[in-house]
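I have placed the structure first, in the form of structure tokens, so that the comments after it can refer back to it.
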Amino acid sequence: MASSLRSLVNDDSRYQKCFQLFLERSSEHQSMRDFIHNVLPDILGSIGNGKSHLNIIGVGSGAGEIDLEMLSELRLKYPEVTVDNEVVEPSGTQLQKYKGTIFMSLVSQKPALDYIKFSWNQMTAIEFEEHCKAKKTTKKADFIHMIQMLYYVKDPGATVNFFRSLLDKNGKLLIILVSGESGWEKLWRTYRTQLCNTEISQCVTTGDIKSLLDGQRVSYRSYELPSQMEITECFTDGDEKGELLLDFLTEVLDFSKTASPELKAGVLELLRHPDCSVESNGKVIFNNNLGVIVIDQLT
């Protein structure tokens, strides 16, 4: 990352505003929900065989919306099992939202969550790894999901390998990241040195993770999830929402104000390029396609 630019992840308040706008403008969560309800049940088909209790770890769970969707599908698949759900999330704001959602669900009893024991870990994936190694007696997990979080670790391959090591027999590790065929990949490939934070991986796609797994001869299944994001306001100078979206796309704090005129012009030109976006009815629609990787623990 250019020395004059600050990473968006260093300002959690700004990041949360950008992220909420991203969710409003993108079809990302809907794409994930379609996958969870239509494909995930078959993936989970073997983890509960003969078990009355399942251990689950959510890494980078955010506010829990997607976690709870997966837990509801798991409940439909295995209505008799109880669940230990270990939540790993560094943002206190997001954890409070997650807890608030559970509280409201328990109050309304739709759906009942009393079969789940939640454990809260306000920490990064790396801190959780250190915590587990310090305990020396880490319980095995039947299902681990890492959704849109490998951007924020220094070594994605090492992080994936650690969580793979926590899987019990027939366990599944689910990874969701932006696709190697998305607009993000084109943006990062072009401006990696200027935009990407060298302290974390940040500019990583499912294509990168597949290459790592292929190099280790680890078998996996992969899926592509179509997703899009409207970024029209990015091209109106001084537009508040456009500036939030630009911060999110570049992962740079106050990108419009701190990037050089040349970098800003180049990024905007690329975002509008057919490699990244399509224009329809006066709107610019960014390719936000996602990729899913599923790793099975067979032994």
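Every residue gets a Cβ built from N, Cα and C, even glycine.
Automatic, uncurated: that is what TrEMBL annotation is.
Pulled from TrEMBL:
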BINDING   Glu28, Asn288  substrate binding site
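If you draw a 10 Å sphere around the CB of Asn288 (substrate binding site), it holds 26 other CB atoms from the protein chains shown. The 10 Å shell around the Cβ of Glu28 (substrate binding site) contains 21 further Cβ atoms across the protein chains shown.
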